[in-house]
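Database features (Swiss-Prot):
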- LYS37, VAL38, ARG39, HIS103, ARG104, LYS119, LYS126, ARG127, GLU128: substrate binding site (BINDING)
Amino acid sequence: MHETRIVVGPAPFSVGEEYSWLAARDEDGAVVTFTGKVRNHNLGDSVKALTLEHYPGMTEKALAEIVAKARSRWPLGRVTVIHRVGELWPGDEIVFVGVTSAHRSSAFDAGQFIMDYLKTRAPFWKREATPEGDRWVEARDSDQQLAKRW
């Protein structure tokens, strides 16, 4: 049985609880997770806060499509994608991606694929608060290059 959890919202999440849910399937020998956090700097400037916005409904649909594409490429068990929105502070967790599979190679590849596609294809917008004022975060070419490998 394949299970997917996709959550987009302002609430914090527990990495431990998410891992426990993923690891509960005895059929899977591999659990791979990634947790992204707000950094206190970007582009050489101090970052005081990060505001994430999304397009409700469209964002969840895009994430579901990314997970479906990963499932079509690798034999996966459970998949979790959580992305926070709203105002966050340095050190806060932003995103969690977790995947399970019978073997590590599929789990690692699928986790990277989901994260690379999330960064380039899911409709999220970031605004940083810096000492010099607020600014929108532009898409990075390096993220596009990583997504192209798939």
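Just so you know, glycine gets a Cβ as well, placed from its N, Cα and C.
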Next item on the list: Please state how far apart, in Å and to a whole number, the two most distant Cα atoms are among LYS37, VAL38, ARG39, HIS103, ARG104, LYS119, LYS126, ARG127, GLU128, the recorded substrate-binding residues.
Entry: 39
Note to self: Under DSSP, is ARG39 (substrate binding site) part of a helix or a strand, or is it coil?
What the structure shows: coil
Check: What kind of secondary structure is LYS126 (substrate binding site) part of, going by DSSP in three states?
Finding: strand
